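Asker: Copied straight from TrEMBL:
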- A:96-117: transmembrane segment (TRANSMEM)
- A:96-330: domain 'MacB-like periplasmic core' (DOMAIN)
- A:373-394: transmembrane segment (TRANSMEM)
- A:378-495: domain 'ABC3 transporter permease C-terminal' (DOMAIN)
- A:419-447: transmembrane segment (TRANSMEM)
- A:467-488: transmembrane segment (TRANSMEM)
- A:516-536: transmembrane segment (TRANSMEM)
- A:529-732: domain 'MacB-like periplasmic core' (DOMAIN)
- A:765-789: transmembrane segment (TRANSMEM)
- A:768-881: domain 'ABC3 transporter permease C-terminal' (DOMAIN)
- A:817-836: transmembrane segment (TRANSMEM)
- A:851-869: transmembrane segment (TRANSMEM)
Amino acid sequence: MNHSLKPPAWVDKVIDSLSPTDLSEEIRGDLYEMFVKDILNKNIQYARRRYVLNGVGFLFKSFFWKKSPYQPKPTPMLSTHFKMARRSLAAQKGNTVINVLGLVAGIAATLVILAVVRFELSFDTFHAGADRIYRMVRVSGDDMSEFRTGISYPVPVAIKEEIPGLNNMNTTAMEYFGGANVDVIDKSGTTLRRFREESGATLVDPSFFKVFDFGKGGLTWLSGNPDKSLVEPLSIVLTRSYAKKYFGDENPIGQTLRLQKRYDAQVTGVVEDFPNNTEFPFSILLSYSSLTKLNPGAPNEWTGVNDGHSVYIRLPEGMTQADMEKQIARVHAAHASKELSSSRHYLLQPLSNVHFDARFGTFSGRTISRETILALELIALFLLLTGCINYINLATAQSVLRSKEIGLRKVMGSNRKNLVIQFLIETFMVVLGAGVIALGLSEALIIALQPILNLRLTHYNFTDPAVILLLAAIVAVLTLVSGFYPAWTISRFHPIDALRNTFATERLGGISLRKVLVVFQFTITQVLVVGTFIVVSQMQFFQNVDMGFNRDAIISVRVPDRSAAGIKVLADKLRALSSVARVSFSYTLPSGVNRSHSYQDIGKPEAKEMKDYVVFEYGSIDSAYLGLFQLKLLAGRNLNAADSSRNILINQQLANSLHLGTPEEALGQQLKWNGQIMTVVGVVNNYFMNSLKEGYDNIAMRTEPGSYSTVSIKLQTTEGKSLIQAVKDIEKIWKENFPDHLFSYQFFDENIRAFYAQETKYAQLFQLFALLFLLIGCLGLYGLITFVVNRKGKEVAIRKVLGANVRQILVMFSREYVQMVALSFVLAVPVAYYVVDSWLSNFAYHIPLSWWRFVLPGVLVLVIALVIVSTKSARTANANPVDKLKYE
Amino acid sequence: MSSRIYLGELEELILLMVALLNKEAYGVTVAEELKAQANRELSISAIHAVLHRLEEKGFVKSKMGGASTERGGRRKRLFSITAHGRNALEELRDTRNLIWNLIAKTTTL
């Protein structure tokens with residue numbers, strides 16, 4: 001027959017693969033016979049067509065699908081597999097528990113980490129066209145090293161007018177002032193309730209809701225609407241929970257709130273609470289037009305900047321980021337002085353970067369770098385991997401115990417495929433069990449760890465289909481990864497060898513792999529333990545390092561009444577308290593997160609151009625300030641009440657920056673500041689105004705009583721009185737003096753600690769992870785050593801009979817593990833060094849990376865491993881050899 | 001009696017063909033015979049289905065025949081009628097004959 005006259009091959013394939021094997025032959029035979037006849041009677045096309053039609057016809061016949069009765073049916077076999085798996089898992093309870101525990105720890109941690117990562121990645125991704133929204137940022141300094149978010153007030157107005165394509169639909173300015181005194185007042189003007197809000201108060205333009213639509217359906221307006229409610233000056237929109245907080249069940253619309261004790265604002269709308277995953281954590285929305293009342297001079301101030309004042313732009317179609325930046329620079333140059341526009345650059349930052357770029361601040365006060373997210377994901381991966389490694393190690397080690405079962409199965413006709421399936425099912429049951437427990441555990445963990453993770457999740461993991469799907473994927477992958485290798489090696493046993501039980505553990509091909517896996521596992525563990533140790537050391541360094549001032553037992557409170565008389569009354573009353581040691585009034589605190597910043601320029605009297613000046617942090621202090629914070633005078637004298645505002649104190653850093661020479665030489669020198677000539681009367685030591693992540697700043701201070709907005713109080717702690725009691729005393733005075741103001745104080749040391757809130761959280765998190773790795777690794781080690789010790793009982797007995805002592809036997813057992821842990825330490829050090837070194841380089845001041853910081857945690861891990869191995873082997877080593885040998 | 005014999009019209013026809021072909025019955029020959037004797041064209045899959053059903057009911061039995069080149073080297077399953085099948089056919093024929101006789105006696109067509 002002609003070879004080109006062949007039937008369509010795919011039909012044959014379909015029939016072969018779908019039909020019972022004993023049917024496919026006759027079916028294809030019949031089809032072929034008809035095909036040949038069709039060719040002879042008609043033509044090839046007809047024959048082919050009929051072949052396909054007839055072939056496909058079989059697919060619709062029920063007999064075609066009936067499996068042959070001679071084939072073992074997989075369904076009952078599958079249930080047997082499950083039964084066997086259950087039995088063998090129950091028979092090796094210890095192992096099962098270790099495996100499940102290791103996997104539970106890994107999976108639960110992974111679920112928690114992924115919940116965090118998902119939350120962090122979801123920030124502000126829901127706005128329509130989010131990829132075209134940009135935040136205006138301010139980059140300044142000669143080397144473009146200063147990254148800020150504040151935009152001068154006239155900038156948004158000017159760019160809307162002068163850049164074609166920009167208007168109220170795609171440009172919005174807002175000012176986040178965060179903290180506010182909010183009083184609820186009734187019609188007659190009487191204050192009903194007072195509140196102090198530390199965050200959430202914002203000036204918002206109606207265009208905010210044009211640029212940010214908050215995704216599908218947007219934010220629901222319960223009353224009022226985005227176009228009208230925020231137009232009039234001093235109109236307020238509250239979120240639902242804040243409306244409830246202020247007015248309970250009353251209708252909030254038309255009510256009056258008094259802000260900062262001065263401005264009466266009308267509530268004109270209520271909006272649904274803002275989502276948790278937004279960089280706009282607003283709760284009190286004051287109309288942006290209120291700026292004319294709150295800060296009348298602002299609109300013409302091109303130089304001054306408030307970092308809370310942000311501008312967002314949605315790029316018009318057809319415009320690129322670079323185009324827009326050019327346009328903004330053009331507008332800025334047209335209005336601002338040449339010096340300003342050449343040293344200050346308004347650039348654009350994509351909205352998608354706002355949450356991940358720590359150089360700029362955010363309203364929510366939290367950013368997370370993409371590296372951190374990657375690190376978290378890697379940790380999740382490694383945690384899962386260590387769980388798998390435990391399983392692989394234990395399963396291959398234990399396999400020798402099951403050699404009889406496998407031999408018998410093979411003799412009885414089981415093939416390799418069946419055995420592999422059986423072992424995979426066993427693995428699956430372990431992993432599935434672990435997965436289910438882990439799901440519950442992760443839920444509890446997420447709730448318990450919310451403060452550390454700074455995570456605000458609104459729904460449960462259980463009900464999230466994505467999480468369930470993810471868990472299913474994790475279970476499937478883990479089953480394959482951890483089950484396949486053991487299944488493969490175990491099913492490879494030769495039945496005769498298996499039945500004669502001639503295996504020694506060492507001869508099971510898994511031994512070298514097992515060592516590799518243990519080393520790998522401990523390498524990761526050591527990297528984390530070493531890393532965590534150094535991170536924690538650095539955190540402690542932050543807490544304990546001398547920042548140049550004293551921070552113990554000091555509280556600070558905002559001063560409501562800045563008049564000289566008011567300050568005097570308050571100071572006298574406070575000083576009269578036995579629990580108060582010192583009192584000082586100043587513009588701001590020497591350091592801490594919650595304080596006012598004011599940057600200004602200072603230069604020598606002959607300074608003309610911008611570059612002749614240096615930027616410094618301004619402080620206004622009284623004579624008690626240096627004493628209270630224990631700042632040291634290096635030269636000159638303290639400021640006193642009689643000093644004019646022309647006499648200034650500077651710090652050593654400023655003296656250096658302006659090349660004033662030694663502290664003594666700096667005394668009496670003249671400096672130009674704000675067009676006025678100042679005289680240096682004293683030089684103080686350098687101290688950190690900001691966190692240790694940054695270096696020393698230039699600082700200059702003078703007395704300016706009108707600007708005292710903070711009172712610092714050093715508490716008397718020696719009398720055996722508690723700090724709490726002292727604070728209560730102060731609060732009492734406060735209430736007498738300022739019945740209208742809530743007493744809200746802050747401990748200075750906590751204020752400083754807040755610099756490192758983020759780092760502290762990560763440090764805690766990493767401690768947790770290191771512990772987890774150690775736990776899983778030790779579980780695995782415990783399982784392995786248990787097995788080895790049990791197997792080698794007879795060997796130990798013979799060795800003892802022949803004269804070995806307990807110590808030699810312990811050494812015999814632990815040598816291998818000590819070697820492995822030591823090797824993993826050697827591997828871990830370079831990795832840990834690289835990671836830790838790059839982390840520490842974030843901080844201007846950090847601990848030195850001495851060798852002992854690596855060796856100490858390494859030795860710790862080694863000791864833990866050794867303790868586990870030797871306690872477990874000690875029992876065997878101490879056992880009476882007779883018990884082991886007498887049955888032989 | 002015949003109450004226990006469930007044979008559909010098509011089943012009966014194919015059972016007859018198997019009997020007719022006498023140990024040479026398999027898919028293709030049955031199809032050809034049906035065409036030749038009863039002028040019925042059935043798809044080969046339908047014939048297989050009926051043959052399997054008949055085998056399940058015990059009216060035919062099968063064994064694998066030899067391979068032949070005209071089938072591309074594949075074997076065929078050869079069907080032959082069982083005694084039970086033959087009985088069933090005969091009973092059906094007898095029943096029909098009986099009824100036809102009655103028809104002839106009582107009515108004129």
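Cβ coordinates are placed from backbone N, Cα and C, and glycine is handled just like the others.
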Asker: Taking helix as H, G and I and strand as E and B in DSSP, count the residues of the domain 'ABC3 transporter permease C-terminal' (A:378-495) in helix, strand and coil.
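Answerer: Reading the DSSP string over the domain 'ABC3 transporter permease C-terminal' (A:378-495) gives 100 helix, 0 strand, 18 coil.
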Asker: When you scan the chain for residues with a C-beta under 8 Å from the transmembrane segment (A:851-869), skipping those not six or more beyond its ends, what do you find?
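Answerer: Hits for the transmembrane segment (A:851-869): 522, 525-526, 529-530, 532-534, 537, 774, 778, 781-782, 785, 813-814, 817-818, 821-822, 825, 828-829, 832-833.
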Asker: So which residues does the transmembrane segment (A:817-836) touch in its own chain, when a touch means Cβ under 8 Å and the partner is 6 or more beyond its ends?
Answerer: 515, 518-527, 530-531, 534-535, 781, 785, 849, 854, 858, 861-862, 865-866, 869
Asker: State the residues, same chain only, that lie 6 or more residues beyond the ends of the transmembrane segment (A:419-447) and have a CB under 8 A from a CB inside it; answer 'none' if no residue qualifies.
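Answerer: Counting only partners 6 or more residues beyond its ends, the transmembrane segment (A:419-447) has Cβ contacts under 8 Å with 78, 81-82, 84-86, 88-89, 96, 99-100, 103-104, 106-109, 111-112, 115, 387, 391, 395, 406, 409-410, 453, 455, 457, 460-462, 467, 471, 474-475, 478-480, 482-484, 486-488, 490-491.
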Asker: For the transmembrane segment (A:516-536), find every same-chain residue at least 6 residues outside the stretch whose CB is under 8 Å from a CB in it, and list them.
Answerer: 379, 382, 385-386, 389-390, 392-393, 759, 762-763, 766-767, 769-770, 773-774, 776-777, 780-781, 784, 817, 820-821, 823-825, 827-829, 831-832, 835-836, 839-840, 847, 849, 853-854, 856-858, 860-861, 865
Asker: Please work out the mean pLDDT for the residues of the domain 'ABC3 transporter permease C-terminal' (A:768-881).
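Answerer: Averaged over the domain 'ABC3 transporter permease C-terminal' (A:768-881), per-residue pLDDT gives 87.
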